[in-house]
Amino acid sequence: MGSQSLKDQYSTTAGPFNSPPFHTVERLPWTGLNRVFAAIYGCAILALLYHHVQTLANSKTLASFSITLSLLIADLVLAFMWVSAQAFRMCPIRRKEYPENLKRLVKEEDFPGLDVFICTADPYKEPPMGVVNTALSLMAYDYLTEKISVYVSDDGGSAFTLLAFMEAAKFAGHWLPFCRKKNIMDRRPDAYFSSPQFSSSEADEIKEIYESMKGRVENAMNRGEVSENYINNDEEREAFNKWKPGFTPQDHPTIIQVLLDSRHNKDITGHFLPNLIYVSRQKSKTSPHHFKAGALNVLLRVSTIMTNAPIILTQDRDMYSNDPGTPLRMLCYACDPAIQSTLGFVQFPQRFQGINKYDY
Ligand SMILES: O=c1ccn([C@@H]2O[C@H](COP(=O)(O)OP(=O)(O)O[C@H]3O[C@H](CO)[C@@H](O)[C@H](O)[C@H]3O)[C@@H](O)[C@H]2O)c(=O)[nH]1
Ligand SMILES: [Mn+2]
C-alpha cells in the first residue's frame, strides 16, 4: 500500500507524530510451506503440460491428436486457475487497526463526514425489508450520527421500497439508541433478533416495533399497492403521488426523498439521527442505465450536492456491516499521513452467510 514497501510496513511500530500506531500489518506464519508446496505443484503441472506437448507432436492419428489437444487445453485452463489462486497464498498478511490510538490524536468532532451508498434493484428479488436491515446496520455505526448520510438507490423504482424506508426512518429512532445503550455488535435488526444474545423486556419491545413495521411493508406488498392507510401526512402523500400512471421501473422521472434530516430529526433519547435519503434515478428505455455502476454514479452526483462527505462507503443490499466500529477502522488508514496521499480505498473482508439458492 502506498509508497512504503510491505517490508517497511511489517516493522510499523509508531503512528503519526511518534504516537502508537493506527494500524499494523503482520505476515502470517507457515507461508514458507505454501511456497514449497506451490513450487512442487508447479513443477508437476509443467511436467504434465510437457508430456501433453510431446504426445501431441508424436501423435499419428487424428483421434489421438484431438484427444491430446483437448487434454492440453483443459490442463492449461486448470493450470491458469490454480496459478491465479496462488496469489492469495504467497504472502498472506493480517492487518490490525487501533481506533483507540486514533481517538487519542483526533477529536471525534473532527472526524470527516461519511456518505453511505446502498443500491437495490428489484423489490421482489431483493425484498425491501432486507435492504432496510442493511441500511439500519450502517445508520447505527459508532460514529457521530449527524456526520453519517445514508443514500439508498432504488433501481426498482418501487413505492414499496420507499414505504419500507419511511417506516425504517421511524424505527431508527428506537433502534439506534437501543444499539448504543446495549453496545450491540450485530446492528442488523433481523440478525440481532435471531441471535442468542437477544433477551430482555426492552429488546422484546423493540422487536415488537420492528415486527409491526415489517408487517406493514409486507402487507402493502401482498396487496400490491401503498393504500391511503399507510400514508401519514401530506409530505408522504406527495412522495407517493410521483408514481403516476405509466410509471415503470424502466421508464420514470427521478424521485429524491429526504426521509431523515440530521439537522432536525432526533431519536427517542434526543440524539440527532443520520441523514437518510431515498433516490430512484430517472430511467428511460432509450438510454442505457449501466446497472450498479450507473446507480453509484447517480448517488455520487446527488450526494455531492447534498452532503459532499470526503469519505464514501458503499455496500450491496444483500450485505450488512457486522462491526459498528468500521468507520473508525477505515479512518485508521485514511488518517495515516504516511499512506494518506496514495490511499484510494479500504476494503473490508466479506463473510458469506445464509446464501440463497440464486447466489451460488
Ligand atoms: O441494475 C442494477 C443491478 C444491480 N444493482 C445492485 O448491485 C448490487 C450487486 O448486485 P447483486 O445482484 O447482488 O450481484 P452479485 O453478483 O451478488 O454482486 C457481486 O457482483 C457484482 C458485479 O457483478 C458487484 O457489483 C457486487 O459488488 C458483487 O457483490 C446489488 O446491491 C444490486 O441491488 C443495481 O443497483 N442496479
Ligand atoms: Mn450480491
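Placed from the backbone N, Cα and C atoms, the Cβ positions cover glycine too.
What you see is a predicted model, and the numbers here were worked out from it, not measured in a lab.
In TrEMBL this protein carries:
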BINDING   LYS125, GLU126, ASP155  UDP-alpha-D-glucose binding site
BINDING   LYS292, ASP316  Mn(2+) binding site
TRANSMEM  32-50  transmembrane segment
TRANSMEM  62-83  transmembrane segment
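For LYS292 (Mn(2+) binding site) paired with ASP155 (UDP-alpha-D-glucose binding site), the C-alpha to C-alpha distance reads 9 Å. Comparing Cβ neighbour counts within 10 Å across the binding-site residues LYS125, LYS292, the minimum falls on LYS125. Taking the mean position of the Cβ atoms of LYS125, GLU126, ASP155 as the UDP-alpha-D-glucose site, the remaining residues of that chain whose Cβ falls within 8 Å of it are THR120, ALA121, ASP122, PRO123, TYR124, GLY156, ARG317. Residues LYS125, GLU126, ASP155, recorded as contacting UDP-alpha-D-glucose, have a largest CA-CA distance of 12 Å. Contact annotation for binding-site residues (GLU126, LYS292, ASP316) versus ligand 2: ASP316, each with CB under 6 Å from a ligand atom. Counting only same-chain residues at least 6 apart in sequence, those with a Cβ under 8 Å from the Cβ of GLU126 (UDP-alpha-D-glucose binding site) are THR120, GLY156, ARG317, ASP318. Its Cβ placed at the centre, ASP155 (UDP-alpha-D-glucose binding site) has 23 other Cβ atoms within 10 Å. In the three-state DSSP classification, ASP316 (Mn(2+) binding site) falls within a strand. Only LYS292, ASP316 of the binding-site residues listed as LYS125, LYS292, ASP316 bring a Cβ under 6 Å of any atom of ligand 1; the order follows the sequence. Recorded residues LYS125 (UDP-alpha-D-glucose binding site) and ASP316 (Mn(2+) binding site) have their alpha carbons 14 Å apart, per Cα-Cα distance. The Cβ of ASP316 (Mn(2+) binding site) lies under 8 Å from the Cβ of ILE118, CYS119, THR134, each on the same chain and at least six residues away in sequence.
ASP155 (UDP-alpha-D-glucose binding site) falls within neither a helix nor a strand when secondary structure is assigned with DSSP, and so counts as coil.
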